[in-house]
Amino acid sequence: MNNLALLATLLACLASGVLAGKVGPPQQHLPQGPQRHMVCYYDSSSFVKEGLGKLVIDDLEPALQFCDYLIYGYAGIERDSHKAMSLNQQLDLDLGKGLYRTVTRLKRKYPNLRVLLSVGGDKDIETGEDAKDLPNKYMELLENPTGRSRFVNTVYSLVKTYGFDGLDIAWQFPKNKPKKVHSGLGSFWKGFKKVFTGDAIVDERSEEHKEQYTSLLRDIKNALRPDNLLLSTTVLPNVNASLFFDVPAVINYLDFVNLAAFDFFTPQRNPELADYAAPIYALSERNPEFNVDAQVTYWLRNRCPASKINVGVASYGRPWKLSDDSGETGLPPVSHVKDEAPDGTNTQQHGIYSWPEVCALLPNQNNAYSKGANAPLTRVVDPAKRFGSYAYRAADKSGDNGIWVSFEDPDTAADKAGYVRSNNLGGVALYDLSYDDFRGLCTNDKYPILRAIKYRLAN
Ligand SMILES: *[C@@H]1O[C@H](CO)[C@@H](O)[C@H](O)[C@H]1NC(C)=O
């Protein structure tokens, strides 16, 4: 081709617009990408903790400049009457100084903040002798049309009375049964088939419940619509969306959906095998479904607009106790573990370490020369940014002081925000502000996980 012919071809291409983007003047102002949402969960039960885990409103405020939505948890439902109710009336409602009002009033100071009330969230737990034999009241409510309208009316009036901008429904559906590990079968590989087979039925009536949940969300949306109030739903950890969410139907009623895509492995559910608690991608053939990407893909395939999906990120880690049979490498999956890691020093909760509790265990100035139960853990990062980080300390000769913890840190949390950006999703939902380092104990920065997510969402 001579130069003239080349020029002619080029001009033809230009005219047809094929090369327009490439040969046109460089774009000085790239169009701003869509605004991604930062959804911050605030579990108010942290307000009544003792010690360093206690988070009061003054501690909450430094987070609010980063949050587009603050989701206040948690309200519940009253068994039999099916009314929506506060789970801690003294804390939430008490005249004048109740937290519901205190929190919704923060909007005066942070005018772009939207505050939603969340229902359920696995925090509406009945205790006492026969609690475990009681039927799931969330399913009972779905099955009862009168109950549903009772709930809709009472939840609407909570939202309206206390000035919330809307509702998040974190419905307590039955969870997937943890896959059982049978130890004593020799090598892990030999036991492999046993580990991941034997699916039990989660809910015999899931088809019915799915339809009823669609009706419930429709009725709530209809109640909220005249006031322009928001409605979101949270898919709680280990709830199988394909059993309970008619995605194409419910998505019309929802402003967004928060996928609590973590706790795939926990010491409570999996006391005999430790593994990554919240990987972004599948851990090879180990399990194709226990990861963020599989959940996001499920919603996208079912015609949920990407912009309505918020990826849930946990600001805590999951610790197991290692035994002297767990090996020296820490390489997951780790067998011969126990749900017996010591409770977190600040949160005093079993089986969960807040980020400041994890960072205190990682190598730092305070523990450089410590031994035994205070020796630093070995931190193992994932350069491929697919699975997350873990840290461990092998058990000593007497079988003590072994720990394995899968955790999210500011870097891995930012990787998830990067995943949200590259898949054009709506944003990130952080669980929970009270497990982030709200005191700045790790590096003097308050809310380092929240900041890292927010920064990556924007840049
Ligand atoms: C969820 O349910 C579907 C059937 O509707 C099943 O194929 C899938 O394996 C389940 N996922 C999990 C993680 O249990």
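Count begins at 1; order follows the chain as displayed.
In case you wondered, yes, glycine gets a Cβ from its N, Cα and C as well.
Small disclaimer: the values here were computed from a predicted structure and weren't measured.
Summarising the annotation, TrEMBL assigns signal peptide to 1-20.
The domain 'GH18' annotation in TrEMBL covers 36-459.
Remote same-chain residues near the region 'Disordered' (324-348) are listed as 49-53, 181, 183, 188, 267-268, 271-276, 283, 286, 354, 356-357, 360, 378, 380, 390-392, 394-397, 399, 402-406, 435 (criterion: CB distance under 8 Å, separation of at least six residues from the stretch ends). Look at TrEMBL and you will find 324-348 tagged as region 'Disordered'.
Here the region 'Disordered' (324-348) is broken down by DSSP into helix, strand and coil counts: 0 helix, 4 strand, 21 coil. Per-residue pLDDT, averaged across the domain 'GH18' (36-459), gives 94.
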